[in-house]
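As given in TrEMBL:
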{"type": "DOMAIN", "residues": "22-137", "note": "domain 'Thiamine pyrophosphate enzyme N-terminal TPP-binding'"}
{"type": "DOMAIN", "residues": "265-383", "note": "domain 'Thiamine pyrophosphate enzyme central'"}
{"type": "DOMAIN", "residues": "477-588", "note": "domain 'Thiamine pyrophosphate enzyme TPP-binding'"}
{"type": "BINDING", "residues": "Asp506, Asn521, Gly523", "note": "Mg(2+) binding site"}
Amino acid sequence: MDIGSVPSQDDDAAAATPREATLGRHLARRLADVGARDVFAVPGDFNLTLLDELEAEQPSGGGVRLVGCCNELNAAYAADGYARARAGGVGACVVTFTVGALSAINAVAGAFSENLPVVCISGGPNSNDYGSNRILHHTIGLPDFSQELRCFQNVTCYQKGERFGSREHLLAPGNICLLPGAKLDFRGKPGRRFGCGSICSRMNNKSKKKVAVVNNLEDAHEQIDTAISTALKESKPVYISISCDLPSIPHPTFSGHHMSLEAAVEAAAAFLNKSVKPVLVGGAKMRMAKARKAFVELADACGYPFAVMPSAKGLVPEHHPRFIGTYWGVVSTPFCGEIVESADAYLFAGPIFNDHTSVGYSLLLNNEKAIIVQPDRVVIGNGPAFGCVLMKDFLRALATRLKKNTAACEIHSRIFVPDGEPRPSEPGEPLRVNVFFKHIQKMLSGNSAVIAETGDSWFNCQKLKLPEGCGYECQLQYGSIGWSVGATMGYAQAAKDKRVISLIGDGSFQVGNNIIFLINNGGYTIEVKIHDGPYNVIKNWNYTGLVEAFHNGEGNSYTAKVRTEEELEEAIEASLGPHKDSLCFIEVIVHKDDTSKELLVWGARLFAANSRPPNPQ
């Protein structure tokens, strides 16, 4: 996995990978780990190299035994019976492209109806044939390699897709196509590209199923692990398609036997215990993994400083003595980015690295120094990778194995300089954004929650110091302008013990006893700082009048329009005092160019990333 702006694994490291660390042998070990020690197979020219690799990983070494069958239908039926006898285990079969897979599909459909975890593996065409418009044997005579995948769509429980160049290669639920596709590193450097034909593009438009993109060999281990774990979790069949030129390729992420939690913890502990100044960084996926508490327990045990990525703000306690702020590249909390990027080892728990969180792919991180912990897997450096390991279990087990190391905390305490206060406002001076957020900070308590709208509120709210118990939400991944309006109502309905403070660009509202600050700067300021144009200026509405119209004399509401610090203080006092049980709507008028410095830096880098020229074809 690439992080920040890190290039992919270099040729020297790949050359040093053990010969047994191939895709095929990795698959054999994974199948054996979940109880499929016998794999039912029918040889065909598209799966012969895969069968070689499976055969090479013998049961005595933690691999599988191939059981030859006379036809693919019987092989899949045998996998069905094997899964039944294993009582919760997995059955597996290997077939060849289209002619073999379509023969096996009737048995796979039966396993689906009977809730049996069967893994159907198909040897696919050479990766170089995708996008070539060639007609291959074992097909229906069209340059369409997706037919068998579409056939499996309704009889498997897991779906994966491939993107090559500008085209989509769609796979049905339960399907993974492992091809070395278009590799684009975090500096935006072009790599090798493949296409798969216009039929696949049309398929993608028609599909109502969720599609995930897999576009390089480095992700193959993750896709195999996810497919197999999904078969176990859903107790349904899955489908894996592997191009015939890939099974014998070594790669660092396929090294060794890495299925168990203990193996992952042992490798991670060795990695971190030899480091001098390690750090921890929490990501947004800690929420779905229910690992927030385990992350803090790990920080308590090891003594490392910890930060959060911007989309994870509010998931861990910010009053913790070793919390150092938000890690967001060049727009990080002061002194946080320096500590993270200068560390010799960092553990990221549940990160999402995209163009927003990486500030236009400019993070100064190295794969070699990183442990990436996702909800169900762990990757250490450029490999090894450990599948079917739950984040919460991993973090708690790791906490018992790490040596205490406060070196990075001590460095942070030596270089840290407390935040300054914005200069005082002159009487009647137009309200400035930094002064406004100084007052927002004073409003926060354990009984409040902050909703940050897409835009400059992202950056200003990141600088808020959340008291213990204070909630915080933003939508950084999707970034839909207007999200916070409805989200405020839903959050308030669910968290009736919180006074929700929403910082919103514009919209209309009909919410309970919460405080909505509409920051009126005359347009889409976040878009202006990425790429300006007349389309970023919007018609100014009478926002307070709009709320009063919705109120219409019924219920409790309070509105105010503020232009100075004095007016802001008066409005806040009213919302916390006589109108504390009302919906309080405060329109804050600020200059159109009054933004956080972080937005200026972030916008310039995102524009640079968006403006990269097309890759040479």
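The backbone N, Cα and C atoms fix where each Cβ goes, and this holds for glycine too.
Since the structure is predicted, the reported quantities are computational estimates derived from the model, not experimental observations.
Every protein chain considered, the tally of other Cβ atoms within 10 Å of the Cβ of Gly523 (Mg(2+) binding site) stands at 19. Secondary structure counts, DSSP: the domain 'Thiamine pyrophosphate enzyme N-terminal TPP-binding' (22-137) has 53 helix, 22 strand, 41 coil.
Counting Cβ atoms from all protein chains shown, Asn521 (Mg(2+) binding site) has 20 others lying within 10 Å of its own Cβ.
Mapped onto DSSP helix, strand and coil, the domain 'Thiamine pyrophosphate enzyme central' (265-383) counts 38 helix, 24 strand, 57 coil.
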